[in-house]
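Features reported for this protein in Swiss-Prot:
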- 17-37: transmembrane segment (TRANSMEM)
- 56-76: transmembrane segment (TRANSMEM)
- 109-129: transmembrane segment (TRANSMEM)
- 147-167: transmembrane segment (TRANSMEM)
- 174-194: transmembrane segment (TRANSMEM)
- 215-235: transmembrane segment (TRANSMEM)
- 256-276: transmembrane segment (TRANSMEM)
- 288-308: transmembrane segment (TRANSMEM)
- 346-366: transmembrane segment (TRANSMEM)
- 378-398: transmembrane segment (TRANSMEM)
- 403-423: transmembrane segment (TRANSMEM)
- 428-448: transmembrane segment (TRANSMEM)
Amino acid sequence: MSQANSHAEAGGAAKPIGLLIAAVGVVYGDIGTSPLYTLKEVFQGGYGVDVTHDAILGVLSLIFWSLIWVVSFKYMAFVLRADNQGEGGIMALMALARRASAKHPRLQMMMVVFGLFGAALFYGDSMITPAVSVLSAMEGLELAFDGLDHWIVPMALIVLVGLFLIQRHGTARIGVLFGPVMVTWFLVLGALGVYGIMQSPEVLKAVNPAWGVNFFIIHPGIGVAILGAVVLALTGAEALYADMGHFGRKPISRAWFILVLPALLLNYFGQGALVLGNPETVRNPFYLLAPGWALLPLIGLSTMATIIASQAVISGAFSMTLQAIQLGYIPRMHIQHTSSDAQGQIYIGAVNWALMAGVILLVIGFESSGALASAYGVAVTGTMLCTTILVSTVMLMLWKWPPLLAVPLLICLLLVDGLFFAANVPKIFQGGAFPVLAGAVLFILMTTWKRGKQLLAERIDEGGLPLPIFIGSIRVQPPHRVQGTAVFLTARSDAVPHALLHNMLHNQVLHEQVVLLTVVYEDSPRVPSAQRFEVESYGEGFYRVILHFGFIDEPDVPAALALCHLPELDFSPMRTTYFLSRETVIPSKMDGMARWREALFAFMLKNANGNLRFFKLPFNRVIELGTQVEM
């Protein structure tokens, strides 16, 4: 996801065709590689669907209308309009829905729950996508060479481990190839589809939705269940929204309707035509659709496409983690910028290694793309359902759509998403438990961190010395003042920071200027420089400064303070000292959280990145003071 920020920076100057190609390379990798396994999974996934004329046309009709309804209608017409100052993605949407429901605390809490659970499922998706995509590409080798079955997993692992190992170096150089490679991929998909359709043109009858309805009538027992496989054609739909901030709605929409949708539909119908003519080809209709001479080049192109799709979700996980950190739901981590030109190209080591471990376990544990498909559907449909719920709140409470218009539409959207999710629920017991368990663990971690930070602030505030009383005491008994500016980071605006009290106790001095600095993260992605800071003078050389950042802004505190042009405040590097407080949490029987959650929070706090690195403070101008807090 963050791969594209370089394009966003030059968005105004980029030609439409260049931006469209770039969008294809980043946004559509996941959904673009779905033809590798979707139709095969429908008939080979243990659903009990016979490979008959009516079943093939019925399944194709379901795929066709799913792409039209979910992607072309829901995402393109509605979800992409729910941008948070141009940014998309479930964390940005959650911030928007939280703002929309600000007057309704219970509803706001529900929006946070849906947003966090959708985000947690996205992390599961970020593990499943690389595993299932690369495995499905490698499985083409079974058709090209005999006896390679047992080499598929090792080769997939080599590719995937290599992909994660290069993340710290960035992908800016090879990233310029993503667009052209994926455009080539979609052109090949379309060409293969046309080739297949020419063999059995009657497959085009599946455009008629009656074939989809007929499928449910013929297969009453498995009609809904089969949607659990059909939804694989929609994997990656969430990326359309998540990457909107990098390219904008129009390039993403144009790429979908001009290139991606036609190529996908042609390929699915081409595979269907192939299976109509020869039911045995259902074992791998994607690769068997290609002429024999084209098989190896197609495997190579498929591998490149799946690597690009994997890179997109890995970068997306990095970007979403940054948003979650700044919104206060994940502990601070070391964030490395991998490009001096593109601000959004970042690397987060902890996330990278966690994803790599998850991917390796998935590949070794499931061994094939078909086995992984069960896990895939649960993550995809869960995230889609959470997105629809959040968008519904935005439509009704922020956009103020008339209920008579909005409610019937939203019911239809939620009904379809609910059917897809319900179809995947039974898969939880057939391999789909992984994304649910991973999502549950991540949800617990995020909510524990958020609640723990709230409780920590409350405990620190208890018995805090009010600032007016402290300043009044200084007027009565002035301490020795030294030259320079002391900046104390604090979450409260009305109490004296512990670091300031400790400094007074041990050093018996105050600086000429004392700044109580609070950093506030807004529910919007960016805050303009003109609105970055607020300044209030308390007298006696004391000032309150509040810095405002968006959830994708880089919180560079020294750079932000340099914009504060007040003659009485001097933030020059050699005259400014930063005082930080480092809390150590001691779990106790006090009210707040369960003891195990307090212990978990204490562990996360101990291992979180401190303010020094996160706020880009100069190492040689920082004094850190520790304090113990019972929770």
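Note that the numbers count up from 1, one per residue, in the order the chain is shown.
Glycine residues also receive a Cβ, built from the backbone N, Cα and C atoms like all the rest.
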For the transmembrane segment (346-366), distant same-chain residues with Cβ under 8 A (at least six beyond the ends):
2, 123, 126-128, 130-131, 135, 153, 156-157, 160-161, 164, 167-168, 170, 314, 317-319, 321-322, 333-338, 372, 375, 431, 434, 438
Looking at the transmembrane segment (403-423) and the transmembrane segment (56-76), are there 3+ C-beta pairs under 8 A, with each pair at least 6 apart in sequence?
yes
Residue list, the transmembrane segment (174-194) vs rest of chain: Cβ under 8 Å, 6 or more residues beyond ends.
3, 6, 21-26, 28-29, 32, 35, 259-260, 262-271, 289-290, 298, 301-302, 304-305, 308, 311
Under a Cβ pair cut-off of under 8 Å, which of the recorded stretches 109-129, 147-167, 256-276, 288-308, 428-448 contacts the transmembrane segment (378-398) most often?
109-129
For the transmembrane segment (215-235), distant same-chain residues with Cβ under 8 A (at least six beyond the ends):
30-31, 34-35, 37-38, 41-42, 45, 47-49, 54-55, 58-59, 61-63, 66-67, 70-71, 125, 129, 264, 268, 373-374, 376-377, 380-381, 384, 419-420, 422-424, 426-427
Please tell me whether the transmembrane segment (288-308) and the transmembrane segment (17-37) touch - that is, whether there are at least 3 C-beta pairs under 8 Å between them, with each pair 6 or more apart in sequence.
yes
